[in-house]
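One structure is given below, encoded as structure tokens.
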Amino acid sequence: MDSDRTSPGVGQADPIDTLPPGFRWGVATSSYQIEGAVAEDGRTPSIWDTFCRVPGAVAGGDTGDVACDHYHRMPDDVGLVADLGLDTYRFSVAWPRVQPGGRGPANPAGLAFYDRLVDELLGRGIDPWVTLYHWDLPQELEDAGGWPARDTAYRFADYAELVVDALGDRVDTWTTLNEPWCSAMLGYVEGVHAPGRRNLGDGIAAAHHLLLGHGLAVPRLRAGAGRPIEVGITVNLATADPATDTSLDRDAARAADGLGNRLYLDPLIHGRYPEDVVADLAAQGVRIPVEDGDLPVIAAPIDVLGVNFYFGQLFSGVDEQGRDRDADGAPVRRVVRRDLPRTAMDWEIVPESFTDLLVRLGRDYPGVPLVITENGAAFDDRPDADGFVADDDRVAYLAEHLRAVARARLAGADVRGYFAWSLLDNFEWAYGYEKRFGIVRVDYDTQRRTPKRSALWYRDTVRRVRGQR
Ligand code: FCB
């Protein structure tokens, strides 16, 4: 283990120890990535079931058909969370399980799974944190136009109400969407995630309708619960810094930050789309399909902003040949690789950027409590003969990023919790089972779970920080 990266420095107090009483400690998963049982109890296909069958779409031709078989092993998996001494478990509900086809009444057999999960968690003293949409759109809604179609936003709000009707008496915290940027951009522009479309206009329409669906769902959740609950949304954010101080590099970083971060944060928190992004899109012939009254709906007050952070990036406005326009005449926006340690995803490890990001959120979007709803890393795990993984690289990643969170708090950011991604190795979308993010190893041949060193480190860290109170 590289002690420089896992400890704060000889003789120095560890900032992690400043995380206060009441700070939430958790772990996160999502439905399609772990559940399997894709055709059981009335579940119908989602866009991911379809996408996995497109030749070449997912590494190794992997699918979520079985995944971690969590649908059948749920009580034991909850036991793993309990053994780690965590207070919160963030999971997502599969829309095609509880409302097959995306319309009409709830499917009681599908809802029953989440009902049992919530009771299992509460019985072990763990708070359930529900995410309503972690990318498994019912295929029938995609066939009807998907997120680029405005109607999908209304369908989402109806679905949200079905779930809160069933679980709202016991679940205190609700996240509408996970990472709308990924749904919109990876799914509809880059085509590397389901449903695999490649069209900027579709992606921008999807982004707007995702945000609209969120805004429509917020009051439905509050009304449906009939008691005070916390409602929020989770966004993936990355820092976008200029590679140099030239105006071209600064403009590339501005544009990347605009399309990646502010396009979501500004309407959600300030009720308006950022003018510079609107202008960038207009230059590409794309308009955000906003209708009268949409922005106040999207800006419905939230109780918590979920932040998922994995990496930060440097941007340049010139390509390697020094040109500032691409073949289509559009401004160059190039990611500049730094000589930094990387994860198995090839993501740069930049915990300082995490601190900067959180401090900036507190400054630009004040008054919104933050919870880190995902942070973690894939590495090339090497299990020993017993299946144990001494993942010192993951321990270092988690320690550095928790330290970054603590430093951001000390600098004024209102961060109230941290959830490691992920409890289990799981189906990592287009990477299939090749990339492992779990703090617990899953042997996919036997479905055996083995906590890695990072899980034990996390358990001990949480215990230590709590113990000093
Ligand atoms: C996030 C996703 C999550 C997982 C991690 C690695 O973007 O929300 O499902 O894939 O990345």
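Any Cβ shown, glycine's included, is placed from N, Cα and C.
Listed in TrEMBL for this protein:
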ACT_SITE  GLU179  active site, proton donor
ACT_SITE  GLU374  active site, nucleophile
BINDING   GLN33, HIS134, ASN178, TYR310, TRP421, GLU428, TRP429  substrate binding site
REGION    1-21  region 'Disordered'
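Binding residues for substrate (GLN33, HIS134, ASN178, TYR310, TRP421, GLU428, TRP429) extend across at most 18 Å, taking the greatest CA-CA distance. If you measure from the Cα atom of ASN178 (substrate binding site) to that of the residue listed as 'active site, nucleophile', you get 10 Å. Counting every protein chain shown, the Cβ of HIS134 (substrate binding site) has 24 other Cβ atoms within 10 Å. Straight-line distance linking the Cα atoms of GLU428 (substrate binding site) and GLU374 (active site, nucleophile), rounded to a whole number, equals 14 Å. One way to see the shell of the substrate site is to take the Cβ centroid of GLN33, HIS134, ASN178, TYR310, TRP421, GLU428, TRP429; the remaining same-chain residues with a Cβ within 8 Å of it are SER30, GLU179, GLU374, SER422, ASN426, PHE437. All protein chains shown were included, and the count of other CB atoms within 10 Å of the CB of TYR310 (substrate binding site) stands at 23. Between TRP421 (substrate binding site) and the residue listed as 'active site, proton donor', the C-alpha separation comes to 14 Å. Note on the recorded positions GLU179, GLU374, GLU428: the fewest other CB atoms within 10 A surround the CB of GLU428.
ASN178 (substrate binding site) has a Cβ environment of 24 other Cβ atoms inside 10 Å.
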